[in-house]
Amino acid sequence: MRVIIESTPEAASRRAAQMVARLVRQKPVCTLGLATGGTPLKLYSELIRMHQEEGLDFSRVTTFNLDEYVGLPPSHEQSYRYFMQKNLFDHINVDVRNTNVPDGRALDFEKYGERYEQMIADAGGIELQVLGIGTDGHIAFNEPGSSLGSRTRLKTLAPETVRDNARFFGSEKAVPRLAITMGVGTILESRRCLLLAFGENKADAIAATIEGPVTAQVTASALQLHREVVMVLDEAAAAKLARREYYDEVESAHRMLETGKLPWIEEA
Ligand code: PGA
């Protein structure tokens, strides 16, 4: 797990956008896993800028979103399909037929979950999965207690998540209580994960995810079992990490490798 700490959400989002862009440039036919919420907004606006100003080409990219509220039509302003159109898809040259957001109005969610998993498999799996994290440590809508082997299915939102998301709906009462979400097991199968977290209200969840035990009570902690995870944090979200000094050491080691300057060799 690589932990990158930037001074601000803006700097962290630019860093994350560079990682996404590098993949899209190296592998124009690729499959991205995308997230919604307040956290990835700056990442998406940076990708839009890269498309508009630098010609970053999404024409052969396929996308899969993590989750969707049950019952909301795509035209609902709080649906995740609407969010993705407004904050990313409408402003880049992705083919909308290659963008997938779970259907919150599926008639049979069990069958639909299996179908969504199959669609991901048919696309060759997810190359890079963008993730946020809930204050309760969830990834996607995998609330505390979700099986770490879970697949795409219905989940009931935890009270903490309902409270957190009330800001988007105007009141707690209006927040859907059910969502269809990729499972922890689905996320663990992506080739790379890029988790973003900003702000002091994420500091406890981030410390538990990175430095706590692997537990279904903090589903993001399952990422400790993943083969390649990058966490991009701002200072506030990183504030409760005990091994901060080491994460900074790792980053300076990466810079040494990039520049080819190894001080212990030069000094020898
Ligand atoms: P947020 O949500 O980006 O709006 O903080 C993250 C999440 O709940 O996964």
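Backbone N, Cα and C define each Cβ position, glycine as well.
According to TrEMBL, the active site, proton acceptor annotation covers Asp67, His138. Summarising the annotation, TrEMBL assigns active site, for ring-opening step to Asp136, Glu143. Among the features that TrEMBL reports, domain 'Glucosamine/galactosamine-6-phosphate isomerase' is placed at 10-224. Annotation source TrEMBL lists site 'Part of the allosteric site' at Ser146, Arg153, Lys155, Thr156.
In terms of C-alpha distance, the listed recorded positions Asp67, Asp136, His138, Glu143, Ser146 place Glu143 closest to Thr156 (site 'Part of the allosteric site'). In the predicted model, the domain 'Glucosamine/galactosamine-6-phosphate isomerase' (10-224) has a mean pLDDT of 97.
Ranking the recorded positions His138, Arg153, Lys155 by the number of CB atoms within 10 A of their own CB puts His138 at the top. Neighbour count (other Cβ atoms within 10 Å of the Cβ, all protein chains): 23 for Ser146 (site 'Part of the allosteric site'). For Thr156 (site 'Part of the allosteric site'), other Cβ atoms within 10 Å of its Cβ number 13.
In sequence order, Ser146 are the recorded positions from Asp67, Ser146, Arg153, Lys155 with a C-alpha within 10 Å of the C-alpha of His138 (active site, proton acceptor).
Closest in space to Lys155 (site 'Part of the allosteric site'), of the active-site residues given as Asp67, Asp136, Glu143, is Glu143, taking the CA atom of each residue. Ranked by CA distance from Glu143 (active site, for ring-opening step), the recorded positions Asp67, Asp136, Arg153 have Asp136 at the top as the closest. Across the fold, the C-alpha of Asp136 (active site, for ring-opening step) and the C-alpha of Arg153 (site 'Part of the allosteric site') stand 19 Å from each other. Taking all protein chains in view, 22 other C-beta atoms sit within 10 angstroms of the C-beta of Glu143 (active site, for ring-opening step). If you take the C-beta of Asp67 (active site, proton acceptor) and look for same-chain residues 6 or more apart in sequence within under 8 angstroms, you find Thr36, Tyr80, Pro102, Ala140, Phe141, Ala179, Ile180, Thr181, Met182.
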